[in-house]
Amino acid sequence: MGKRAAHIGLRALADLATPMAVRVAATLRVADHIAAGHRTAAEIASAAGAHADSLDRLLRHLVAVGLFTRDGQGVYGLTEFGEQLRDDHAAGKRKWLDMNSAVGRGDLGFVELAHSIRTGQPAYPVRYGTSFWEDLGSDPVLSASFDTLMSHHLELDYTGIAAKYDWAALGHVVDVGGGSGGLLSALLTAHEDLSGTVLDLQGPASAAHRRFLDTGLSGRAQVVVGSFFDPLPAGAGGYVLSAVLHDWDDLSAVAILRRCAEAAGSGGVVLVIEAVAGDEHAGTGMDLRMLTYFGGKERSLAELGELAAQAGLAVRAAHPISYVSIVEMTAL
């Protein structure tokens, strides 16, 4: 590769124009407006509440990268690639990029990544003046968007999670920080002899309650409003932490595991479900995202074992399932 080619390649790799243009288009729902028949820059701008000339410039760039088409009369259309920006597309990607959603907003914290690298602290408070969790706690709409996105993300693994482990043998499980109840619903549907509880804060707990009523699972599914930093309902066969620990620094992660260990006692099991660093699916980009959002991290099995030991637990087994693993822990 020549010097100029290498220079252009590095610039392209670091360029912010395209990622931000895509996110702005997602936030303004440009693809939906085009699909609805608004085809010129002026029409799309009117529907989206945008400045027509500026939007036209953004659209021209997204034509250049293959998301949209533009004919000689300035009429825009969607490419197959650009269809993914529609809100109703099966991939569900638009909401992740929408800068008004919890994740789209959180990703903008990458602008402050240097702070995280220098200090080891999350970048989110530097950008927004408050922590990610405090932000969600003060904004029900933002909180609901986070719960929806997380549920959609984990649904890809629900079938494998339900099939890969002998959940029925546990009798009753507590999904700690279980959000709107998607995982527990999948487990109860797959295992008719299993019952369970979702424990989470008021917003997601209310959503879980509605889900269980709607799906006819309320006879076997309970909801408890609470925090995983406080004592948990004791005596269940299993305590599930699905995509929880990577959101927290080591001290907080140990505190969460310790609460689970206390509730599980000598006869229960703690099941950590998340990507394990070192696996092919544990992305380095996601690891940086955990750092910038929360000061959290993607951990290796050895690192999870170290945290478990501090909480009075030991890793007994790990069951890989597509993009995540079920890491089984019991009392030392």
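Every residue, even glycine, has its Cβ placed from backbone N, Cα and C.
Record features, source Swiss-Prot:
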ACT_SITE  His246  active site, proton acceptor
BINDING   Arg11, Asp247  substrate binding site
BINDING   Trp133, His153, Asp175, Val176, Gly177, Gly178, Gly179, Asp200, Ser227, Phe228, Ser242, Ala243  S-adenosyl-L-methionine binding site
Rounded to the nearest Å - Cα separation of Asp247 (substrate binding site) and Ser227 (S-adenosyl-L-methionine binding site): 14
Other C-beta atoms that fall within 10 angstroms of the C-beta of Gly177 (S-adenosyl-L-methionine binding site): 21
Number of other Cβ atoms within 10 Å of the Cβ of Gly179 (S-adenosyl-L-methionine binding site) across all protein chains: 26
Alpha-carbon spacing, Gly177 (S-adenosyl-L-methionine binding site) to Arg11 (substrate binding site), which is rounded to whole Å: 41
Maximum Cα-Cα separation (Å), residues Trp133, His153, Asp175, Val176, Gly177, Gly178, Gly179, Asp200, Ser227, Phe228, Ser242, Ala243 listed as binding S-adenosyl-L-methionine: 22
Fewest-neighbour residue among binding-site residues, criterion Cβ within 10 Å, set Ser227, Ser242: Ser227
Fewest other C-beta atoms within 10 angstroms, as judged across Arg11, His246, which are the recorded positions: Arg11
Other CB atoms, at most 10 A from the CB of Asp175 (S-adenosyl-L-methionine binding site): 28
Three-state secondary structure, Asp175 (S-adenosyl-L-methionine binding site) (per DSSP): strand
